[in-house]
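S.K.: Before I ask anything, let me first share the structure, which is written out below as structure tokens.
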Amino acid sequence: MTDDMTKDNINQQTLQRGLKNRHIQLIAIGGAIGTGLFLGSGKSIHFAGPSILFAYMITGIICFLIMRSLGELLLSNLNYHSFVDFVQDYLGDMAAFITGWTYWFCWISIAMADLTAVGLYTQYWLPGVPQWVPGLIALIILLIMNLATVKLFGELEFWFALIKVIAILALIVIGLVMIFKGFSTSSGVSSFTNLWSHGGLFPNGMHGFILSFQMVVFAFVGIELVGLTAGETENPEKVIPKAINNIPVRVLLFYIGALLVIMSIYPWDIINPSESPFVQVFVAVGIVGAASIINFVVLTSAASACNSAVFSTSRMVYSLAKDHNAPESMAKLTQRKVPRNALFFSAIVILIGVTLNYIMPEGVFTLITSISTVCFIYIWGITVICHMKYRKTRPELAKTNKFKLPLYPFTNYLILAFLAFVLVVLALAQDTRVSLFVTPVWFILLIVIYKVRKAKHQ
């Protein structure tokens with residue numbers, strides 16, 4: 001099948017199921033662990049103290065339930081390739097248009113931020129290289145890899161995620177040895193008692209604990225990426241449930257395990273919020289080049305986020321085009337079943353975004369990324385609402401689906417209540433309040449564009 005297809009047979013094309021079980025398992029881990037754990041955890045610990053562990057536990061449970069609802073929806077119809085497909089089915093064309101372009105915008109802004117970060121992290125070793133050069137090189141490499149086959153995307157994510165896993169496991173193992181041996185640091189003896197002997201588990205009270213959710217929730221952004229791979233996964237009925245069901249264990253091990261060890265080695269009030277706690281732990285045991293090691297991990301983590309962005313934005317535009325919510329040329333596939341036009345389009349927009357990042361005032365760029373994180377809450381919420389509609393209108397499908405969201409509809413309302421709570425927290429925090437009130441402008445813009453397009457076609 002060639003690229004020169006007519007509009008009539010575009011919809012007959014399908015993406016290739018080239019992602020294997022090992023790819024999906026590591027993509028699930030990579031989606032749940034961002035650069036925030038390595039760089040931003042010092043700030044979140046400083047904010048909430050040991051109570052941050054409970055915030056991660058609660059948010060991890062909610063994200064697991066969101067993923068269960070997403071998994072049930074995707075496996076109810078194997079023709080679903082993304083959020084757009086089931087939103088189209090259950091909430092209509094306008095909701096699908098808004099959801100698809102919102103998710104696309106979310107990942108475009110993530111790519112802008114992380115490509116900029118790639119330049120910054122590279123300058124740690126090569127200070128003379130202009131910041132834009134490593135970012136541009138990274139984008140070109142990722143684009144070439146994604147243009148080849150979906151399997152190459154999976155391979156990249158597999159190794160990127162593996163680097164993160166090794167770094168976290170190294171921290172936990174080294175940390176546990178330090179704790180059980182009573183290792184002395186400049187701050188005292190490493191011990192689990194450090195968790196409660198410096199003001200208790202809630203040293204900043206409920207106020208600090210509640211405000212910490214703004215950082216914790218954003219750490220889980222991207223966890224839903226597994227859902228976007230369903231249409232390109234071998235044997236999705238077995239692989240997707242396995243990846244989703246492992247989320248609680250991974251959250252417990254990687255987030256809670258790492259932070260628990262860090263706060264046992266160093267009392268929470270000693271940890272420098274502007275430094276990586278990982279570097280502090282590795283330096284304490286005399287690991288040479290600890291900062292370079294973590295810089296490498298964070299660099300690959302940022303590259304992983306960019307890779308996910310290139311993949312997810314192209315697949316979202318492809319899905320939108322299949323439903324006539326984007327130019328039909330974006331639905332064309334190459335002989336290797338890759339949406340080449342959609343990939344080029346998203347890569348060009350990412351490149352423009354990175355260029356604008358150097359021109360725009362810093363506050364504008366920060367506002368854009370803040371708006372995108374608020375939009376992720378919308379994506380999670382719309383998924384849960386679609387799940388409720390599916391259960392209500394397609395009970396026969398729900399009966400035969402082996403992968404169900406537990407305790408429906410209680411868990412649906414629990415998720416929506418939690419997301420509403422996070423929005424309230426965002427309104428309380430000064431640095432996120434503006435983005436919360438500006439975000440509706442994005443949705444109004446999409447509604448206007450949709451209405452104009454519809455009127456034009458009629």
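Placed from the backbone N, Cα and C atoms, the Cβ positions cover glycine too.
So Swiss-Prot says this about it:
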| type | residues | note |
| --- | --- | --- |
| TRANSMEM | 26-46 | transmembrane segment |
| TRANSMEM | 47-67 | transmembrane segment |
| TRANSMEM | 95-115 | transmembrane segment |
| TRANSMEM | 125-145 | transmembrane segment |
| TRANSMEM | 160-180 | transmembrane segment |
| TRANSMEM | 208-228 | transmembrane segment |
| TRANSMEM | 251-271 | transmembrane segment |
| TRANSMEM | 278-298 | transmembrane segment |
| TRANSMEM | 342-362 | transmembrane segment |
| TRANSMEM | 365-385 | transmembrane segment |
| TRANSMEM | 409-429 | transmembrane segment |
| TRANSMEM | 432-452 | transmembrane segment |
S.K.: Counting Cβ pairs under 8 Å to the transmembrane segment (365-385), which of 95-115, 125-145, 160-180, 208-228, 278-298 comes out on top?
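M.R.: Between the candidates 95-115, 125-145, 160-180, 208-228, 278-298, the best contact partner of the transmembrane segment (365-385) is 95-115.
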S.K.: Which sequence positions outside the transmembrane segment (342-362), separated from its termini by at least 6 residues, show Cβ-Cβ distances below 8 Å to it?
M.R.: 104, 108-109, 111-112, 115-116, 132, 135-136, 139, 143, 146-147, 306, 309-310, 313-315, 317-318, 321, 330-331
S.K.: State, in range form, which of 47-67, 208-228, 251-271 has the highest count of Cβ pairs under 8 Å to the transmembrane segment (160-180).
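M.R.: By Cβ pairs under 8 Å, 251-271 leads among 47-67, 208-228, 251-271.
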S.K.: Under a Cβ pair cut-off of under 8 Å, which of the recorded stretches 125-145, 208-228, 409-429 contacts the transmembrane segment (26-46) most often?
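M.R.: If we count Cβ pairs closer than 8 Å to the transmembrane segment (26-46), 208-228 scores highest.
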S.K.: Is the transmembrane segment (278-298) close to the transmembrane segment (208-228), in the sense of at least 3 CB pairs under 8 angstroms with a sequence gap of 6 or more?
M.R.: no
S.K.: Any chance the transmembrane segment (251-271) and the transmembrane segment (278-298) are in contact, meaning at least three CB pairs closer than 8 A with a sequence separation of 6+?
M.R.: yes
S.K.: Near the transmembrane segment (47-67), which same-chain residues lie under 8 Å Cβ to Cβ, leaving out any that are not at least 6 residues past its ends?
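M.R.: Beyond its ends, the transmembrane segment (47-67) has Cβ neighbours at 32, 195-196, 198-204, 208-209, 211-213, 215-217, 219-220, 223-224, 226-227, 244, 247-248, 251-252, 255-256, 259-260, 263, 268-269, 273, 380, 383-384, 405-406, 411, 414-415, 418.
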